Amino acid sequence: MALFNILKKEDSTPPQPSDRPVPQHIAVIMDGNGRWAKKRGLPRTAGHKVGAETFRTIATYCKNIGVKYFTVYAFSTENWKRPEEEVSTLMNLFRRYLKEAIDTMAKDEIAVQVIGDLSVLAPDIRELVARCNAEAQKRPEFSVATLCINYGGRDEIKNAVRAIAQEVQAGQLKPEDITEDTISQHLYTAHMPDPDFIIRPSGEIRTSNFLLWQSAYAEYYFTDVLWPDFKPADMDAAIDEFNRRNRRFGGV
Ligand code: FPP
């Protein structure tokens with residue numbers, strides 16, 4: 001009941017678009033769910049449930065203000081170490097959300113896709129992911145919301161290196177022809193631009209294996225706000241800070 005009341009209250013503020021320039025690709029490490037729940041005497045899983053609602057709100061807000069790509073770290077390759085109940089709650093949240101996204105994608109005008117090492121996910125989740133990704137591919141004109149599930153930056157680079165090595169072994173590629181772009185094209189994000197802006201809520205100041213290759217020139221933004229408390233106004237504040245930064249990409 002407490003959780004329901006909190007959600008009801010938070011849902012009462014509809015996101016309002018603004019007219020500020022926005023990054024093309026924003027990525028978020030959705031951190032602080034456990035602490036949010038602990039502060040309220042709730043189980044950690046309650047934090048993830050509210051965090052999933054925050055994801056819906058912020059993904060919609062990003063689409064409304066013109067962000068083409070919104071990417072979130074939903075489950076890392078290391079998160080399997082968490083208690084079984086927490087892992088299964090997260091998997092159920094993914095199930096529920098993917099089912100919903102398949103049906104509402106056209107209406108919401110957000111192409112929802114999942115990336116990561118999906119081979120170890122439960123077969124029904126893999127099936128939902130396949131349907132969701134197939135649906136998303138039919139909608140190139142939509143904004144894209146990407147869930148990184150069983151994602152690890154090092155794991156992704158290792159898989160890319162393996163795939164490239166296999167092409168070299170098969171005589172399809174010469175080692176001297178391997179470029180940075182070859183590597184980018186073998187990552188899960190091959191079809192997306194690199195993130196311009198990476199946001200980490202909850203006061204933690206580290207990258208935690210998220211989009212390691214792709215973040216080479218990203219601007220980072222850290223805030224103490226816990227992810228379940230993150231509002232469209234927090235996104236506006238982050239984007240204002242992004243717009244104040246002077247991105248030089250190694251130039252002067
Ligand atoms: C890190 O916070 C968060 C996660 C490991 C999971 C994030 C997943 C969600 C918010 C659910 C997403 C669901 C959908 C449908 C998109 P933490 O639990 O480590 O927080 P703590 O550092 O405060 O303990």
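Placement of Cβ uses the backbone N, Cα and C atoms for every residue, glycine included.
Here is what TrEMBL records for this protein:
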BINDING   ASP31, GLU219  Mg(2+) binding site
ACT_SITE  ASP31  active site
BINDING   32-36, ARG44, HIS48, 76-78, TRP80, ARG82, ARG200, 206-208  substrate binding site
ACT_SITE  ASN79  active site, proton acceptor
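Positions of TrEMBL features highlighted on the structure.
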residue	record	contacts (Cβ under 8 Å, 6+ apart)
ASP31	Mg(2+) binding site	ARG200, PRO201, SER202, GLU204, LEU226, TRP227
GLY32	substrate binding site	GLY47, PRO201, SER202, GLY203, GLU204, VAL225, LEU226, TRP227, PRO228, ASP229
GLY34	substrate binding site	ARG44, GLY47
TRP36	substrate binding site	GLY47, VAL50, GLY51, LEU226, TRP227, PRO228, ASP229
HIS48	substrate binding site	ASN33, GLU86, THR89, LEU90, LEU93
THR77	substrate binding site	GLY116, ASP117, ASN150, TYR151, GLY152, ASP155, ASN209
TRP80	substrate binding site	VAL87, ASN150
THR207	substrate binding site	ILE29, GLY153, ILE198, ARG200, SER215, TYR220
GLU219	Mg(2+) binding site	ASP196, PHE197, ILE198, PHE242, ARG245, ARG247
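Taking a Cβ cut-off of under 6 Å from any atom of ligand 1, the recorded positions ASP31, GLY34, ASN79, TRP80 reduce to ASP31, GLY34, ASN79.
Secondary structure at ARG200 (substrate binding site), taken from DSSP and collapsed to helix, strand or coil, is strand. Sequence-distant neighbours of ASN79 (active site, proton acceptor): residues of the same chain at least 6 apart with a C-beta under 8 Å from its C-beta are VAL87, LEU90. Following the DSSP three-state reduction, the secondary structure of GLU219 (Mg(2+) binding site) is strand.
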